[in-house]
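Novice: Input: one structure, supplied below.
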Amino acid sequence: MGFICGFSVATGAAARLVSGYDSYGNICGQKNAKLEAIPNSGMDHTHRKYVFFLDPCNLDLINRKIKSVALCVTACPRQELKTLSDVQKFAEINGSALCSYNLKPSEYTTSSKASVLCPKLPVPASAPIPFFHRCAPVNISCYAKFAEALITFVSDNSVLHRLISGVMTSKEIILGLCLLSLVLSMILMVIIRYISRVLVWILTILVILGSLGGTGVLWWLYAKQRKSPKETVIPEQLQIAEDNLRALLIYAISATVFTVLLFLIMLVMRKRVALTIALFHVAGKVFIHLPLLVFQPFWTFFALVLFWAYWIMTLLFLGTAGSAVQNDQGFVEFRVSGPLQYMWWYHVVGLIWISEFILACQQMTVAGAVVTYYFTRDKRNLPFTPILASVNRLIRYHLGTVAKGSFIITLVKIPRMILMYIHSQLKGKENACARCVLKSCICCLWCLEKCLNYLNQNAYTATAINSTNFCTSAKDAFVILVENALRVAAINTVGDFMLFLGKVLIVCSTGLAGIMLLNYQQDYTVWVLPLIIVCLFAFLVAHCFLSIYEMVVDVLFLCFAIDTKYNDGSPGREFYMDKVLMEFVENSRKAMKEAGKGGVADARELKPMASGASSA
C-alpha cells in the first residue's frame, strides 16, 4: 500500500491531482516540459493556477468524466458571461483567457473559429474547488442529468430540488434527532441491565403466543374455506378455490411444525435462557466499571474515516498517474502501462483487509478490557485504564493475531464481491440455472463470512485470556463453542433478538420524534429525505452501541466457561464471576441435585479452553 502511494506521488500524480492539468498535459501553476508530438504542451502556467472547462456540463456518465477541453486560466469567472464580448471583456480586465491558447483575446469576437475554441455560451458563474484548483459552476443545475442518472427514482428536477431544500432547511432538526438517537442508545444500554430478566421472558412469551396465534388462524381459515358450499362457485373458479384450499393446508401444516419445533426448543433451552439474562446483567456492570467502552465505536469510526480518506486520495493519485498518451481527439491522458496498471486491484484488497484489521483491533481491545475486568476479584483493584492497557497489549503482542484473522475474512469476502459483480453484470442475460448457482455461491460465502467473523471474535477473546497465537486460540474457541452449543445458541438467539428489538425501538422512537417535529416545519413540503437520513443515522448509532454490548456478552461467556472449569467455589478455588452468575451456578446445581445427577453436571458442561487458561 505504501509503495502504491509512493509510486503515484513520485510519478507526478499528486501535482496533477491537486493543481490540475489541461488537455495538453500541462500542469497548472508551474512550468512544464515539452511532450513529443503534443501541440501546446510545455507551456509556462506559473500564473495560470486554475483549470477551466469549456463545456463543464458535458458529462460522460459511463466513464465518469467531463467530455470537455480543459485549459489553465488565471481566474474563474465569478459571474455569468452571456456573449463572446463578455468573455473578451473578462480576459482584458482579469487577464484570464477562457478560449483556446491559439486564440488571442482580441480575436474572440472576430475569428470564425471562436465558436469552437471558446467556451459554450452562456459561461456559468464558477468558483475554484477548495484544494483542487478546478473551476466548478456555482449553480449545479447543469449537473441535473448526472444527478438523475445517480438517483433513478427522481423523474422531475423539482422533486430533487425540494428534497435538497428540505434537508438544508431542517438541518438543525436533523442534528437534534441524531443527538437524540445517541442519547437513546446510551439509555437503552443502562435499561437492558435492569430489566433484562423481564424483557427476555416477555419476548419469549410473545414469540410463542404469536406462533400459536398464527397457526390457529391458518387452521381456522382452512376449516372455514373447506366447509364453504361449492355449489355457489362457478366452474371456472372451482379449480382456483381448490388450489387455495391446498395452499392453506400446506401453510397450516408448516406453521404447526414450526410452532412445535419452537416450543420444543424453548423447553430445552428454558434453563439456558437464565444464563443469557445473567450475562446481560453483568455486561451492564462492565460498562459501569469501564465507561470508556462506550466510546470504542467512535475511535474505530475515526480510524476508519482516516484510512478511507487516505485510500480515496491514493486512488485519485492512481487515476492521474502514468505516462502521457494522446487519445483519439488529440488530447493528453495519463495511463499506467505494464504490470503496474493492475496496482489498483491490490489497492482494493488493501481497502478490505485494513478495514477488517481496524474492526478486529476494536474486538481485541474490548476482549482484553473485559477479560481484565472479569478476572480481577476485587473490582476496586482494576487498572486505572483497562482499555489503554488492552491497547498496549494489542500493539506489543497481538498485532499478528489481528492481521491474520482479518486476512482470513478478506479471503472470503473478495470472492463473494467478485461473484456479486458478475451477477450484476449478467443480470437478465444468464439462464435460470446459472442464476441459481451464482446466488447459492454468494449465499454460502456470506454464511461462511459470518461464521468466521464470530469465530474470530471468540479467538481474540481466547488470545486475551491465554496469550496464545491466532490458530491455537481459534481452535480452543471453536472447541468450547461446540461443546457448549446449546448455551451459545441461547445467547445468540435470545440475546441478538433482544438487541435487534432495541435497535428497532431506537429507530422507531427517533423516527416518531422526527415526524412530530418535521410536521410543524412549514418551510417546505417534502421531508421524506430528512426522515430517512435521521432513521439511517439512528440505526447506525444503535448498531454501534449495541454491537459493543453484544461483544461484551460473548466475551463474558467464554470467561464464564473458563471460570466454572477451573474453580468450584471452594476455599482456594473461589469463583471470579459476579454474584449474579454465581446464583445461576448455584441454582443449576440445586436443580441437578433434585434430579439426582450430582449437582455439578452444569459446570461439567462448560469445558476448558486451553491448559494455559488457569494462569488467566
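Yeah, the Cβs are placed from backbone N, Cα and C, and that goes for glycine too.
Keep in mind the model is a prediction, meaning the values are calculated, not measured.
Annotated transmembrane segment per TrEMBL: 173-192, 199-222, 248-268, 275-295, 301-325, 345-375, 497-518, 524-546, in sequence order.
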Novice: Considering only Cβ pairs under 8 Å, which range in 248-268, 275-295, 345-375, 497-518 makes the most contacts with the transmembrane segment (301-325)?
Specialist: 345-375
Novice: Would you say the transmembrane segment (275-295) and the transmembrane segment (173-192) are touching, if the rule is that at least three C-beta pairs must lie under 8 angstroms and be 6 or more residues apart?
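Specialist: Since 3 or more Cβ pairs under 8 Å link them, the transmembrane segment (173-192) and the transmembrane segment (275-295) do come into contact.
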Novice: May I ask for the residues of the chain that lie six or more residues beyond the transmembrane segment (199-222) and have a Cβ under 8 Å from a Cβ within it?
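Specialist: Contacts with the transmembrane segment (199-222): 192, 245, 248-249, 251-252, 255-256, 258-259, 262-263, 266, 273, 276-277, 280, 494, 497-498, 501.
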